[in-house]
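Features as listed in TrEMBL:
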- A:102-284: domain 'Tr-type G' (DOMAIN)
- A:111-118, A:177-181, A:231-234: GTP binding site (BINDING)
Amino acid sequence: MDILARIQAASITAPCLAPQHHHKHLQQLCFPMSTGHHFSCFYMHQNHFPVAMPGHPCRIPSGSIRCQSGAVEAPEMQDVKFSKSMLSFDMGKDRLSKVPASQIRNFSIIAHIDHGKSTLADKLLQVTGTVSDREMKEQFLDNMDLERERGITIKLQAARMRYVAKDGEPYCLNLIDTPGHVDFSYEVSRSLAACEGALLVVDASQGVEAQTLANVYLALENNLEIIPVLNKIDLPGADPERVRNEIEEIVGLDCSEAIFCSAKEGIGIQEILESIVAKVPPPKDTSMNPLRALIFDSYYDPYRGVIVYFRVVDGSIKIHDKIQFMASGKEYEVDELGVLSPGQMQVNELFAGEVGYLAASIRSVADARVGDTITSSANKAGMALSGYQEAVPMVFCGLFPVDADQFGELREALEKLQLNDAALKYEPESSSAMGFGFRCGFLGLLHMEIVQERLEREYGLNLITTAPSVVYRVQCADNTVVECSNPCELPEPGKRVWIEEPFVNIEMITPKEYIGTLMELAQERRGEFKEMKYITESRASVIYILPLAEMVGDFFDQLKSRSKGYASMEYSLSGYRKSDLVRLDILINGEPMDPLAAIVHKDKAFAVGRALTQKLKELIPRQMFKIPIQVTIGTRVIASESISAMRKDVLAKCYGGDISRKKKLLKKQAEGKKRMKSVGRVEVPQDAFMAVLRLEKEVV
Amino acid sequence: MGSYVTTLCKEITSTLSQLPQASPLKTLFFGGGTPSLLPPQYLSRIVDTLDQHCGFQCDAEISMEMDPGTFDKQTLKQFLGLGVNRVSLGVQSFNEDFLKACGRSHGLQDVYEALDIITGLNVSNWSLDLISSLPHQTLEHWEECLREAIGLSPAHVSVYDLQIEEGTKFGVWYKPGHHPLPDEDKSASFYRLASSLLREAGYEHYEISNYAKPGFQCRHNMVYWKNQPYYGFGLGATSYFNGKRFSRPRKLKGYADFVELCINQSSDNFSANEEYLSFYSNTVESVEDRVCDTIMLSLRLASGLNLNELSKNFGHELRVHICKSFLPFINSGHAVAVDSKFKTVPPDTFSTALSEQSASKVLKDVIFIRLTDPDGFLLSNEIISSLFTDLPIK
């Protein structure tokens with residue numbers, strides 16, 4: 001859901017887009033997501049790469065939910081027109097009131113896209129009275145309008161609920177949302193680290209999917225109590241017993257107490273809430289220790305600076321406290337402190353076990369990175385919380401403006417995006433064929449696509465993106481190791497001893513009829529078979545080790561199309577291995593086209609070379625002279641074609657009445673030339689670049 | 001027909017009577033549609049109207065486009081009597097099948113009858129139109145056609161490619177460059193063949209599509225290519241004077257309304273119709289447009305672009321700039337530089353001159369740059385559009 005919402009929101013914020021466009025766009029993305037999703041702004045993940053222009057998110061526009069709390073100054077409360085909404089909050093009205101740590105439950109929901117995470121979360125909010133039925137609907141509509149008008153996305157990262165359990169005690173439940181995609185597995189792990197328990201939601205008619213599995217393992221690593229929930233039991237195709245067995249078998253989880261639920265119909269919601277209270281352990285009460293709070297998310301707000309979401313692990317935090325981020329070392333004063341329920345509601349103090357947000361005029365999310373520990377400047381903790389990692393880009397590509405004049409705009413846009421995206425790396429790059437641009441590093445493919453998409457849609461840039469590349473390790477003859485993510489910078493063949501490339505462990509979960517075709521796919525991509533097991537009679541898990549470079553192209557698209565959409569996949573980096581790799585250079589009229597250079601496996605070099613020369617021959621128009629197109633490895637030509645010279649381009653008739661029209665035609669032709677990139681004397685149309693880059697993504 | 005000619009004459013009268021002094025016409029051209037269908041008494045009215053308002057120079061060239069099968073000896077005789085002294089005959093092909101293919105209503109017999117009429121009346125200044133690149137046409141067919149034309153010894157020959165316009169029947173049937181239409185290479189060889197055979201037979205290839213025996217260039221059309229001003233009258237006609245290019249309405253009703261306006265404008269009812277007129281009227285061509293016109297039109301001519309005139313009209317810097325833009329084409333043999341003695345400047349000399357500090361001085365010796373025949377002419381669009389791309393003006 002997170003990813004989907006994120007992408008949908010990207011579409012929504014671009015006002016000119018027609019609805020069908022969203023869908024089209026979705027199909028182009030190479031990520032695990034199924035169709036039939038729905039969109040709820042309450043449960044949009046407060047992502048690390050928010051899709052909307054920074055606006056004023058998270059402030060629910062009406063004052064209606066700020067009532068009944070001593071901790072909130074709410075002058076609007078005097079206003080009579082809010083009285084009705086106040087009534088509807090009878091149940092959840094005390095959710096800001098302090099409860100002892102023993103009555104706090106922090107949990108997240110792990111689910112595959114479309115398995116009903118957002119519906120379930122919506123229901124929990126409604127049942128606990130955090131948001132009324134009516135408001136849920138109104139809010140939804142309001143937000144959509146707001147988004148359309150102002151490009152704001154209302155996001156939710158966490159929700160604090162008050163629930164009076166059957167034991168008569170009031171509990172404070174904090175739902176912490178997690179991103180769903182492997183690109184963000186670090187962020188997922190930090191979100192999970194902020195919880196003591198997780199609901200594992202599985203569609204009772206579908207079964208366990210690959211990403212769900214990956215996140216369950218992350219949850220288990222973080223010692224979370226996992227509560228299995230079988231959702232959508234009301235559907236005709238539901239087979240909760242089968243799915244229950246599946247979970248037991250794959251995850252090895254005791255499912256005897258799995259909850260049968262239909263979030264849509266409201267079945268099993270009470271049981272879930274009771275189960276959270278009963279099974280999820282309360283946080284330890286360590287309020288007396290020095291402050292340690294785990295950042296699990298942050299986003300940039302242009303008015304207040306970075307908004308940091310955190311879980312207080314030890315100690316307490318007060319408004320106006322001086323705090324320090326232990327990894328970045330930076331110090332700030334807390335300007336604003338609050339909880340999310342689901343809008344931001346200000347409080348004065350938060351204690352160990354609680355979840356909240358703060359604003360402290362922080363300039364960039366890079367200064368408040370996910371995983372960092374917040375401590376008190378006055379009473380510093382001895383040690384930071386474990387698990388912090390710097391963002392390490394896995395996938396790189398070159399981004400060049402089609403129009404060289406947009407270089408400055410591109411730089412500004414990247415600067416702005418980086419404010420909100422600590423994982424985005426970029427540095428200037430120039431090439432003879434493409435002019436000036438940037439080499440950018442991303443966590444993964446989804447991350448790359450999101451950034452490209454935002455640059456194009458939100459900043460109106462027209463970009464050429466080179467084929468994604470991974471980081472190669474080159475053992476050089478002089479005994480040094482060079483890391484290289486740009487094919488152009490690969491050391492000369494004579495200077496290198498071997499090249500290593502990153503490999504991933506990939507797990508595909510598929511109905512059995514597609515096992516063959518998926519194995520074929522993995523084999524084509526230089527995959528090495530590891531293991532296959534039947535999860536159930538009809539579904540299997542197939543594990544391969546394959547080069548990351550083979551994954552970053554259209555692997556996921558292929559997986560989806562070859563399995564008619566039924567298979568899912570998950571991957572994790574498994575390390576570096578030596579590979580027999582070569583660099584292909586493309587020469588047009590003897591001039592190298594740097595951005596089209598590619599690193600490929602030796603066995604594929606000829607096929608790729610042929611495909612590239614043929615494509616270029618097709619797409620480069622005839623010019624006044626013959627143009628040779630060559631693909632070389634070092635100095636050796638492995639494929640070549642040539643475009644014969646143009647023979648005739650002349651307007652036969654041009655008399656008095658024709659002059660204006662013919663001039664227009666020639667000017668148009670001249671305009672076309674301006675849009676071409678000159679490679680030496682050859683004019684190469686933009687779409688030839690695009691097509692070759694696309695081709696490289698497919699076949700390299 | 002009568003009322004159209006009346007409207008036309010009104011337009012002539014109102015336009016010319018507004019001019020302080022209309023000088024006698026040097027050339028007159030009846031073209032577009034099929035002027036040979038015009039009854040001679042109407043032609044007489046038009047010629048008289050023009051004579052009344054501006055008159056003709058004694059050696060004025062008066063051309064008329066005529067299609068085979070649309071006129072008889074008597075008509076042509078009357079036309080000649082009214083002053084027509086140049087006939088442009090739309091023959092198109094000397095092959096019955098190709099005549100059908102290019103959508104003409106006339107047959108081969110009409111062609112020969114028309115030729116008989118023209119030669120019978122001793123019209124010495126006549127031109128013949130041919131179309132190449134017809135569906136299924138081979139190089140042999142084309143050579144036959146060209147030889148037949150040369151055998152008839154016209155003073156002037158125009159050679160065009162079949163133009164496939166979108167939205168026409170042809171556009172639906174055929175795609176340029178695809179069978180049965182000749183491909184680009186073949187179409188180029190047709191052009192080369194026409195150029196070599198006609199030049200061999202003593203015709204000057206004086207414009208991309210036009211060939212003439214010495215002294216028989218179409219003086220009227222030269223006005224267009226030299227980017228000189230001309231009047232235009234009648235339905236859909238274009239004119240270029242006072243720096244404005246203007247196209248008249250293409251529909252009869254619109255044209256009649258337009259003429260009414262012209263008349264009202266010439267009386268003092270100007271302001272009331274200003275708005276309506278502004279819909280038609282054109283602004284003065286910008287410098288960029290004039291530079292483009294000059295380049296595009298002059299490079300159609302064998303004589304090429306006159307650099308002295310270019311610097312005179314647009315400044316010396318543009319001259320140097322354009323010379324630089326031409327360099328690759330001069331090096332590749334698609335264009336040549338010519339000095340004041342009409343001698344070709346060798347590419348090396350030209351290129352050295354450009355690279356030197358004293359470029360402007362040396363370049364003064366280069367008076368013309370022209371496209372080569374046939375290599376440069378064949379790629380003229382590519383060359384002209386490259387020059388446009390390079391232009392320093394936006």
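Cβ coordinates are placed from backbone N, Cα and C, and glycine is handled just like the others.
Secondary structure at A:LYS117 (GTP binding site), taken from DSSP and collapsed to helix, strand or coil, is helix.
Cβ contacts within 10 Å of A:LYS117 (GTP binding site), excluding its own Cβ and spanning all protein chains shown: 26. In this structure, A:THR178 (GTP binding site) belongs to neither helix nor strand by DSSP; it is coil.
Just so you know, the Cβ of A:ALA111 (GTP binding site) picks up 28 other Cβ atoms within 10 Å once every protein chain is counted.
In terms of local Cβ density within 10 Å, A:THR178 ranks first among the binding-site residues A:ASP114, A:THR178, A:ILE233.
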